[in-house]
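Report on the structure given below.
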Amino acid sequence: MAKRDFYEILGLGKNASDEEIKKAYRKLAMKHHPDRNPDSKGAEDKFKEAKEAYEMLSDPQKRDAYDRYGHAGVDPNMGGGGGGGGFADAFGDIFGDIFGQAGGGRGGRGGPQVYRGADLRYNLEITLEQAAHGYDTTIRVPSWDSCETCDGSGAKPGTSPINCTTCGGHGQVRMQQGFFSVLQTCPKCHGSGKINPSPCTACSGAGKIKRNKTLEVKIPSGIDDGMRIRSSGNGEPGMNGGPPGDLYVEIRIKQHAMFQREGDDLHCEIPISFAKAALGGEIEVPTLNGKASFTIPEGTQSGKTFRLRSKGIKGVRSGYAGDLFCHVVVETPVTLTEKQKELLREFELLTIEGGSKHSPQTKSWKDKVKEFFE
């Protein structure tokens with residue numbers, strides 16, 4: 001049975017910090033500890049599973065190997081002295097050697113594998129105004145930097161890495177799997193061809209340290225929710241001289257207090273008074289670029305929509321501005337004075353006398369009700 005992903009076990013993403021990993025493990029350990037669940041075999045299995053995931057992800061060197069090669073990078077039973085993988089694994093390694101290893105690995109049969117660095121993702125939340133007009137900002141991204149103590153060698157200062165004793169410095173081992181003789185990434189040096197008998201204490205032999213990197217991001221005007229901006233070369237560093245991965249900044253737009261966005265169009269509700277709806281007149285409305293106005297006709301009903309062309313958002317791809325749709329909401333007056341109530345009662349009587357002339361929808365509705373009960 002295939003082993004579960006260590007990050008999935010802890011309920012975390014691959015960008016999780018060391019503190020988040022420790023916190024998630026403690027929570028699961030408390031929940032599934034055998035002493036708290038003496039009669040549950042399932043709880044014991046989950047406890048062991050969480051413990052293994054924590055042991056791997058809390059160690060920088062093991063975590064780096066797992067991030068790059070999956071379980072094969074941290075399982076001593078997968079590779080090394082023969083045996084191991086099944087028929088599908090054999091073919092996977094054959095085709096990997098011909099076309100390049102998964103994840104961007106490449107290299108000759110006699111040398112260490114070269115791997116492209118992993119891509120990173122960063123979620124950035126911005127306002128609707130920033131999305132409409134464009135926005136320049138800086139972000140801090142968790143990333144790996146070369147260890148300053150050992151200059152990236154992974155070896156304790158004053159010592160040097162030596163050729164891996166398992167692969168002889170080639171970064172690969174040849175394994176016999178049935179009728180096939182195949183090359184696999186060395187499980188001891190993880191393809192680097194080197195090992196550190198005296199690892200650097202600052203980076204635990206990884207040659208790199210995780211820290212926040214500050215980057216400038218230019219967000220183009222008109223960008224929409226869910227779009228991504230690629231920052232080439234700002235992902236994780238490659239291995240054995242491989243190129244770095246890319247950083248993808250995924251945009252999330254905050255909900256606006258007034259406008260709702262649909263593509264490049266904007267929608268908003270415009271409350272107007274009962275008198276304004278009846279008499280008509282000019283309405284002033286806000287837009288993302290200042291104020292605008294339009295005229296509503298006499299007798300405007302609640303729910304009527306007015307379209308203001310090119311008052312929406314200029315599309316990041318099309319270059320054309322969308323429209324602003326204003327949905328009128330006729331507001332019923334509240335907290336009236338006696339004088340106002342008196343005038344409204346008089347108005348109501350005049351309206352009744354006028355019949356369908358003043359309230360055609362009310363007359364129509366009353367006729368339908370009458371027919372319904374007859």
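Cβ coordinates are placed from backbone N, Cα and C, and glycine is handled just like the others.
The model shown is predicted, which means the values in this text are computed figures rather than measured ones.
Taking Swiss-Prot as the reference, the stretch among 28-47, 208-227, 288-307 described by the feature region 'Disordered' is residues 28-47. Over all protein chains present, the Cβ of C200 (Zn(2+) 1 binding site) has 22 other Cβ atoms lying within 10 Å.
Other than C147, C150, C200, C203, the residues of this chain whose Cβ falls within 8 Å of the Cβ centroid of the Zn(2+) 1 site are, in sequence order, E148, T149, D151, G152, S153, G154, A155, P199, T201, A202, S204, G205, A206, G207, K208, I209. Listed in sequence order, the residues of the same chain lying 6 or more apart from C150 (Zn(2+) 1 binding site) and placing their CB within less than 8 Å of its CB are K156, P157, C200, A202, C203, G207.
For the repeat 'CXXCXGXG motif' (147-154), the DSSP counts in helix, strand and coil order read 0 helix, 0 strand, 8 coil. Under a cutoff of 8 A between CB atoms, and with a sequence separation of 6+ in the same chain, the neighbours of C167 (Zn(2+) 2 binding site) are V173, C186, K188, C189, G193. Applying an 8 A CB threshold to same-chain residues 6+ apart, the list for C164 (Zn(2+) 2 binding site) reads G171, C186, K188, C189, S192, G193, K194, I195. Other Cβ atoms within 10 Å of the Cβ of C186 (Zn(2+) 2 binding site), summed over all protein chains shown, number 24.
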